[in-house]
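First the structure, in the form of structure tokens, and then the observations on it.
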């Protein structure tokens, strides 16, 4: 199977847009662990694409994001610098960088995106590609069978809740994030795989005003045909046998495809 790396070598000028999600980079070592190193290498490859116009990250870029002020602390500012520098290189090449919230990094703000010339976008985000109307979102809002999670999501991502969280001391936010991650692991262990996947009716509703739906979150990469419409599910970035794997969306003048790194 052809990969992103193959395309960069064989036909770099063809790629105009790239869409990824669910990197889940560690806040402690975002650029130095294997996932972080793979992301830096990926950004180097993006910089080789002469006609790349737009780069999207559809949420869960980081495993947790406790506020843009945390990114300015001495330790994390240094750790994030390699990523910021490479994204800035892309931005300086007139590639638009769009960042969307996920369920893990919903406290990420425009202030951080400004460091590399990026733009924070909100779901659902629509664009027209190759004559098709495309809807982009993280994907967790489509998992409507998980009633408990949807109630929690509505509360935790409410603007008032976010304002309260960001007003807390950083150490308190760190403790809350740790507690929430542990609760999520415990709750998910009790749920069926079906409940944690997207709801078919929610997908059909999302596609009412679009030809193609692109999302992440579920970590179940695939291309689904729904009548004359499509749902493209991005993969999470993960390590298997000491190799970083992911499935990403690449767009050229004629096609929208899902390919491995």
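Heads up, the Cβ atoms here are built off N, Cα and C, so glycines get one too.
Summarising the annotation, TrEMBL assigns Mn(2+) 1 binding site to 22, 24, 60, 219. Look at TrEMBL and you will find 60, 103, 138, 217 tagged as Mn(2+) 2 binding site. Here TrEMBL flags 103, 104, 146, 184, 188, 191, 217 as substrate binding site. TrEMBL lists 18-221 with the feature domain 'Calcineurin-like phosphoesterase'.
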I'd like to know which of these binding-site residues, 24, 104, 138, 217, is least surrounded, judged by other CB atoms within 10 A. 24
Of all the binding-site residues given, 103, 184, 188, which residue's CB has the most CB neighbours within 10 A? 103
Within 8 Å of the centroid of the Cβ atoms of 60, 103, 138, 217, which other residues of that chain place their own Cβ, given that this set defines the recorded Mn(2+) 2 site? 21, 22, 58, 59, 101, 102, 104, 139, 140, 216
Min neighbour Cβ count (10 Å) across binding-site residues 191, 219 flags 191
In whole Å, how far does the CA atom of residue 22 (Mn(2+) 1 binding site) lie from that of residue 184 (substrate binding site)? 16
Looking at the binding-site residues listed here (103, 104, 138, 146, 188), whose Cα lies nearest to that of residue 24 (Mn(2+) 1 binding site)? 104
Give me the sequence-ordered set of same-chain residues, not including 22, 24, 60, 219, with a C-beta within 8 angstroms of the centroid of the Mn(2+) 1 site's C-beta atoms. 21, 23, 59, 102, 104, 216, 217, 236, 237
